[in-house]
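> Annotations per TrEMBL:
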type: DOMAIN; residues: 1-45; note: domain 'DUF4116'
type: DOMAIN; residues: 46-95; note: domain 'DUF4116'
type: DOMAIN; residues: 97-141; note: domain 'DUF4116'
type: DOMAIN; residues: 236-283; note: domain 'DUF4116'
type: DOMAIN; residues: 285-333; note: domain 'DUF4116'
type: DOMAIN; residues: 335-375; note: domain 'DUF4116'
type: DOMAIN; residues: 410-454; note: domain 'DUF4116'
type: DOMAIN; residues: 491-532; note: domain 'DUF4116'
type: DOMAIN; residues: 534-579; note: domain 'DUF4116'
type: DOMAIN; residues: 704-751; note: domain 'DUF4116'
type: DOMAIN; residues: 754-786; note: domain 'DUF4116'
type: DOMAIN; residues: 794-828; note: domain 'DUF4116'
Amino acid sequence: MKLAIKQQPKCLKFASSQLKNSRDIVLEAVKQDGLVIEYVPEHLKDREIVMEAIKNSKYSCVLQHAPTFSNDKEVILLAAKNSGFSFSYASEKLRSDREFVLQIVKMKGDSLKDVSKELKKDKEIVMEAVKSNGMALYYVDHGYFCSDRSFVKELVLLGSSVNSSAFSSRIARELIHDREFVLECISGAGNSLSFLDYGGSSLVNHSDFVDELIDIQCQYSSAMWTSKDYFNSLNEERQLRIIRIDPVCLEHCKGELKNSRQLVLDYILQDRKILESLNDELRNDREIIRLAIKEHYGALKFASAELQNDKSLLQEALLYDTGNYNYASEELKTDKEILEFLIGRDGCYFEYAPESWKNSRDFVVKAIRNSMSNISDFLGYSLKEDRDLILEYVRRIGSIEEIPQEYKQDRDIVLEAVQLDGNNLKYASHSLQQDRELLIVAVRNGLSLRNINESELDREIVYEACRYDTHPLKYVPEEYRDEEEIVQAIAFSENASSFEYVSERLRNNIDFIRKLTRINGYLIQYIPKYLRNDREIALNAIRHGCNYLSEDLQNDKELILTGLKYSASCYRYASGEMKSDGEVLEALRKWLPPHLNIPFPLNKEMAAIALSIKSLNEFDYTFRDDRQFALLAVNARMMNLMYVSNRLRLDRTFILEIEPKQFDILFIPITLREDREIALKSLELNGRSIMYLSNELKHEFKNDREIMLKAIKSDAIAFLFASEELQHEEEFILECAGVNGKVLQYVPHKFAYNRNVVLKCVQNHEEALQYASNKFLGDKECVMYASGQGKSFNSFCYASFDMRNDPEIVLKAVQSDVTSLKLASYEIISDEDFIEKAMDINIEALCYAHYSLRYNTEFLKRMNKNNRIVESGSKIFRRAIDFNSLLEV
């Protein structure tokens, strides 16, 4: 029963009287779950046990079971930190103590409900309560304050900014007819629609007021789940206005607007759901579907049967997404020209090839080399007996799941497979599954212990599994969970959660835990709570970027400052006092996004906004209406523009000042989107903005090369809004490719076959190669340029096999992105000289070498120049190579 209580504290309810009267057992139980205080004998409910219970419970009902502490300020303040706090559990004396009540309402504004009648008439207490939680408005003494109109306005403004539903409180009702106040007070599309629908205000009968209220809000689509019926009850002109403000609302229309061809053309690029809800007539509109396939995967699914049988449209669609083949007509699915193009691009479509192709060895080899998927089921009958071809298949695809049964008994073929992916052992013959050498190779390459019969496990296999598996201990026999060397092996894993299965002895061994957290600080989340208070363990965690701090350490300034040397997230776990500490705030400054450029001294509110710990809607109106603070908030996150005061949101100069990293014009009031200067700024920050501008501005900009190039530079989709003349001008397309190579996704289909255009695009964007025609996927110069761009993995996966088998090109890809080696050919990753050259570029290239090199001790010794592998200390090496053999040397 003792063990049961440790593991499941609620078992205390069923414990014997003797165990329930053991203070040590009770203390341990409440540390695990504070709610079990309900089952603790009264004589044991001392201050320490009650405080521990409160710390370890989200609910204030702990106080319900410890009424003797209802007059203890420290206990009540601690309970107030919990989300479910109720001030009613405090004594009447404390609820009448002005200084203490002020502390409480600042933490939990809705506690105003339970303060004494006299203090409910205290303006400062009421104001602080409403600042903290707008729901406190419901507990304001209406009879006492109703005559003080200016104070009530201030209260409602504060309350509605913190909690929108507070606008319907009794004390606010008489203000719902005040036009100026309502326009300033109501924030958010949902609140606006609710006010118009249920507000009971005479203002809703004034057309100009309704239009003005609609225009100052944004993001109406987020309100549709509650206001869809009201939206559809509006006249067509107002619905159209809301759709212009937030195009996603088009999908919620029930009337003729939903089937407006012009609206669909305007916004189908913005939201896939508009494509999914097209009517039959629009599904047969070639212009609409051609536009959709450029932006949305699998768009051909929503085309009419007639368009799904359009060969030229299918050829274009396949260039953007080979998955569109699944939605082609049955006739086109067997078209040899289509299939040749498709299989040349992605061998997985070999399944649909004619039978004669499936029996052509040369064609099959080509398909295998261009595929990342199992296609062995579709090989011609004669080729299924070709062992060399099956071996080639296994080396390229890395799977034996679908190969003929006889080869699953071939040890050499199975060994090749498990060296690439250990999970292949699951598909080998029963006798080979029991082959110990194969088993060890398999666990080193990802085979989980859950897929191995426990009778096959021995210490070596368990140890190897703990080095490589992400959740090994869950499947490890009990006797190995108490071995330090085996448990230590999991510390090098990226996933620390397996530690919960460690033996009780090791979980409570503080010296061992200190040692492990030096290796993996994230283990702190899975150790007993009392050990999380150990300063050395916490320091180890912080140094690894895990900034979990127990409540007892959240006020340790030295720890916080140490944590801020490694990341900003440590600040999130600091106490309120530390969050306001000047030295801590200055240490935090270096982690703030550079584009915020904050020259003035920080305070905790600015820090919370800058780090996006809080959204602006969590601050009261005084912050939302503060120009400097609002500007900081919007620059930190564009969506905060929804929560700045309406005064600032409608201020043209304020909008021109904002420069968030992720700009989105849809957060700007629609009346200001029609401002030319704001529109130009929007296009420069996010070219996608062009689809939301007025028709007049679109028409003006579409022929202006300079404006269009600025828009395309920030988002290539803007190309589709250039004039027809510009869209077909090669010189202009080359200019666009020079600023954003991803424009290849949007140019007319013929330019995907234009070498000058493709070459320029792949030079300037990592994803451009995927939109080029097949012949360029094997063009060395094109692939070389594409492989040198950013995350080259993104482009390298589209290159032909010959390119992925070219040492020069693969080395170029490694310079940009070492993970590109995952896509390199079997020959490349098995070549000692190549891997050595790749390691000189990026030492972690070794981790992507073939198993035969990663577990070749002599090769590893040669690669360990100047002890570089060992001294790197990288966890990835410990999990990917025979690291222990180097340590032994």
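Placed from the backbone N, Cα and C atoms, the Cβ positions cover glycine too.
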> With DSSP as the yardstick, break the domain 'DUF4116' (534-579) down into helix, strand and coil residue counts.
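Split into helix, strand and coil, the domain 'DUF4116' (534-579) gives 28 helix, 0 strand, 18 coil.
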> Six or more residues beyond either end and a Cβ under 8 Å away: which residues meet both conditions relative to the domain 'DUF4116' (491-532)?
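Cβ under 8 Å, 6 or more out: 31-32, 56, 466-467, 469-474, 476, 478, 481-482, 484, 538, 540-546, 548, 550, 875, 878-879.
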> With pairs 6 or more apart in sequence, are the domain 'DUF4116' (285-333) and the domain 'DUF4116' (534-579) linked by at least 3 Cβ pairs under 8 Å?
no
> Any chance the domain 'DUF4116' (754-786) and the domain 'DUF4116' (335-375) are in contact, meaning at least three CB pairs closer than 8 A with a sequence separation of 6+?
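Contact criterion met.
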> In the domain 'DUF4116' (236-283), how many residues does DSSP call helix, how many strand, and how many coil?
36 helix, 0 strand, 12 coil
> May I have the DSSP-based helix, strand and coil counts for the residues of the domain 'DUF4116' (410-454)?
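Secondary-structure composition of the domain 'DUF4116' (410-454): 33 helix, 0 strand, 12 coil.
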> Could you tell me what the rest of the chain brings near the domain 'DUF4116' (410-454), counting residues at least six beyond its ends with Cβ under 8 Å?
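Residues packing against the domain 'DUF4116' (410-454) from afar: 387, 390-391, 394-395, 398-401, 403, 460-462, 464-465, 467-469, 471-472, 474-477, 850-852, 855.
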> Going by DSSP, how much of the domain 'DUF4116' (335-375) is helix, how much is strand and how much is coil, in residues?
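DSSP composition of the domain 'DUF4116' (335-375): 29 helix, 0 strand, 12 coil.
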